[in-house]
Structures are given as structure tokens and as C-alpha cells.
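In what follows, a single structure is set out as C-alpha cells and then discussed.
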Amino acid sequence: MKENLELNKHTTESYSTYNKNQTNLALIVFGGILLYFFFLKFTSVQLIFSKVVSILFPFLLGGAIAFVLKIPMNFFEKLILKKTNSKFLKKAARGISLCITLLLVISIVTFMMAMVIPQLVTSLQSLEKQMPLFFKRLIELLKGFPKLEPLAKKVQHFYNSLSLNYLFEQIKHFFLKDDLSFDANAVQTASGIANKIFSGFANGLLAFVFSIYVLLDKDNLGRQTKRMLYSVGGTKIGGFIIHVGNLIDFYFFNFVKGQLLDAVIIGVMTFASMLVLRMPYAPMISVLVGFSDLIPIVGPLIGAAIGFIFILIDSPMQAVFFLVLMIVLQQIQGNIIYPKIVGDKLGIPAMWSLFATIVGGAIGGIVGMWIFIPLVAVIYTLLGEYTNYRLNKLNMNSKLKENTPT
């Protein structure tokens with residue numbers, strides 16, 4: 001009897017193992033077939049994916065807007081709930097904090113436009129006056145060295161391409177080639193521009209409205225998502241997906257908050273320093289430096305280069321001082337400010353941050369960088385958790401820690 005029970009138990013275990021192996025094999029085969037068709041029909045898949053993204057773009061944009069606006073909104077909401085005992089204010093805290101956030105954003109954008117646009121117009125007028133003399137001197141200097149004559153010709157050609165008269169001549173030649181094609185091209189171009197403007201405005205409005213709904217109802221959306229995940233995936237799979245979602249929210253939130261705060265600080269520091277040193281175009285250049293700082297790693301270099309070019313036309317000596325100033329400010333930013341703001345919250349080494357910036361930039365430009373850096377932080381954390389789990393299961397974690405060189 002005992003032998004029969006052991007035999008039945010062994011048979012059940014063997015059958016269970018067989019079923020598990022069969023299931024895994026079926027999943028591998030199914031995944032291989034899907035991968036085969038993916039590469040076989042890669043162009044079609046790419047087109048379908050692009051179409052889906054274009055349809056969902058307003059909602060994706062709205063989600064991104066909501067995520068950014070959530071940072072100041074959460075701050076104001078916590079402040080209202082902490083400072084008041086009124087039931088009405090506590091109930092309306094979400095709506096009030098959202099209104100304050102929107103007013104703050106509109107005020108900041110209006111203020112920056114009022115600062116930048118007049119300075120930009122002035123700098124472009126100065127650029128138009130000073131550029132011919134600057135290029136003339138540069139070309140004469142290059143022609144003074146026989147080996148640099150080819151470079152002088154390239155600079156001359158580049159300057160000609162910037163000349164308004166040259167551009168008007170090229171446009172005139174293009175339009176007068178064929179009157180009929182001009183009419184067709186003009187109508188087609190005007191129609192295309194009007195369509196893009198209308199489409200952009202409609203998508204922007206839809207994204208903004210969607211972001212408002214998401215922000216006002218984010219608690220209910222979170223609860224509904226958790227209920228659905230637990231009901232479909234159970235406690236194990238549902239819990240894991242929620243854990244991944246929490247990691248994504250944590251790393252993206254800290255990265256976006258850190259980048260925005262860092263950009264504001266470096267912009268204010270640039271503005272104050274330029275005012276003290278009496279450098280031209282301080283409001284415009286400080287705003288440009290702040291915005292360019294939103295681009296990870298290479299952003300500060302771009303902002304410094306743009307500011308250098310604008311000041312160079314007006315005063316070469318001050319342009320050199322500006323470069324020195326930017327080097328000093330970037331050292332302060334990189335070694336003191338950024339570590340204090342973000343610190344170890346992303347939890348990835350500098351090498352992986354650089355990797356994420358390069359890969360993200362190659363795939364999706366600035367947006368790709370913003371997505372990939374926190375995404376790599378999420379993957380890095382999950383891999384670390386899995387590694388620790390496996391090592392603990394094998395009772396090797398403490399041994400490896402003891403043998404790790406210090």
C-alpha cells in the first residue's frame with residue numbers, strides 16, 4: 001500500500017513536471033513564431049506601430065503633460081491639506097492645487113516670452129548688422145594662410161547661403177522655373193501648412209484636456225488599474241506589475257523633477273552672473289541655457305555654444321569671458337547642485353546613464369533621452385532585485401559580499 005502511494009506520488013510529480021516542460025516548450029515555440037513573423041514583416045509592423053502611435057499621440061502627450069504638472073500640483077495639494085482645517089478646502093484641494101499649477105505655468109511662460117522675444121529681436125538685428133563685417137574679417141584672415149584657402153571658400157559659400165539677397169534669388173529662380181508648378185506647389189504647400197497647424201492645435205487641445213482629466217481623477221485611475229491587474233494576473237503577477245509601475249513612477253518622477261529644478265537653478269545662476277559681469281543679452285541667454293540644460297549631458301554644451309555665438313558678434317572678448325563663466329557654472333552644477341537635487345535617487349552608475357543618453361538620443365532624440373535614462377534605472381533595479389533573489393536562494397549572497405574586494 002505504501003509502495004503504491006509512493007508510486008502514485010512519483011507519477012503525479014512526473015506528470016506535473018512533464019506538463020510544465022510542455023507548457024514552456026509551447027511558449028518558446030509560440031514566441032519564436034511571433035519573432036519570425038515580426039522580422040519577416042518588419043516594414044508592415046513598423047507602419048502599423050507608427051499608425052497606432054499617431055492615433056494615440058494626443059493621449060500620450062496628455063499623459064506626459066499630466067506627469068510633469070503632477071510635480072507642482074502634489075506640492076500645492078499637500079500644502080493645502082497640511083495648512084487648513086476647513087472641510088471644503090480639503091475636499092477641493094485637488095482642484096485648487098491644479099488651478100494654482102496652471103496659473104503658475106502660464107505666468108512663467110508669459111514672463112519668459114516677455115524676456116526672450118524683445119532680446120531675441122534685438123540680437124537678430126545686431127546679428128544682421130555685424131555679421132557681414134565678422135565674416136569679411138574671418139575670410140580675409142583665412143586667405144592670409146595659403147593652406148586655409150579651401151576653408152575660406154567654404155566659409156564664403158556658407159555666408160552666401162545666409163545672405164537674404166541670395167535666398168530671395170534662389171526662391172525667385174525656383175518659382176519662375178515653371179508658373180504652373182508654382183501655382184500647384186503654392187496651393188499644396190499652403191494646404192499642408194494649414195493642415196499641420198490645425199492638426200497640431202487640435203492635438204494640443206485634446207492632450208491638455210486629457211491631462212486635466214487624468215490629474216483630477218488620478219486616485220480613481222490608480223485604484224481601478226490595481227483592481228484590474230490583481231483580478232487578471234492574481235497576487236503574484238499583478239503584484240509584480242504594480243511593483244514595476246511603482247518603480248517607473250518613482251524614477252521618472254525624480255528624474256523629471258531633478259531636471260526641471262536643475263534647469264531653473266542654472267538659468268537663474270547664469271542670469272545673475274551675466275548681470276554682475278554686465279554681459280549682453282542676459283535674459284535671453286539665461287533662458288536658452290536653462291532650456292538647453294533639460295537635454296541630459298550635452299544640453300549645457302549646446303546652451304553655452306549658442307550664448308557664445310550671440311555674444312561673439314557683439315563683443316569677442318566678452319564671449320571668451322562668457323565661456324569661462326559657463327565652465328565655472330557647469331562645474332558647480334555638476335559637482336554640487338545636481339548631486340544634491342537628484343543624488344542617488346536614480347541608482348545607476350554614470351556609465352549606464354551615458355549609455356541611456358546615447359541610445360535614447362539615437363532612437364528618439366531629446367524625448368528618447370528623457371525616457372531611456374529613468375527606464376534604464378528601472379531595468380537596473382529589477383535586475384539587481386532578481387540577482388539578489390537568486391543568490392539568496394542559493395545561499396551565495398553573503399559569501400560573495402565577503403569575497404568582494406574593497
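Placed from the backbone N, Cα and C atoms, the Cβ positions cover glycine too.
It should be emphasised that the depicted structure is a prediction, and the values quoted were computed from it without experimental measurement.
Database features, via TrEMBL:
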type: TRANSMEM; residues: 25-49; note: transmembrane segment
type: TRANSMEM; residues: 55-76; note: transmembrane segment
type: TRANSMEM; residues: 96-117; note: transmembrane segment
type: TRANSMEM; residues: 197-216; note: transmembrane segment
type: TRANSMEM; residues: 228-248; note: transmembrane segment
type: TRANSMEM; residues: 260-277; note: transmembrane segment
type: TRANSMEM; residues: 289-313; note: transmembrane segment
type: TRANSMEM; residues: 319-338; note: transmembrane segment
type: TRANSMEM; residues: 350-383; note: transmembrane segment
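Three or more CB pairs closer than 8 A are found between the transmembrane segment (197-216) and the transmembrane segment (55-76), so contact between the two stretches is assigned (pairs 6 or more residues apart). Counting residues 6+ beyond its ends, the transmembrane segment (55-76) has Cβ neighbours under 8 Å at 94, 96-98, 100-102, 104-105, 202-204, 206-212, 214-215, 218, 252-253, 256-257, 260 in the same chain.
Proximity of distant same-chain residues to the transmembrane segment (319-338), defined by a Cβ-Cβ separation under 8 Å and at least 6 residues beyond the stretch ends, is recorded for 258, 262, 265-266, 269-270, 273-274, 277, 279, 285, 289, 300, 303-304, 307-308, 311-312.
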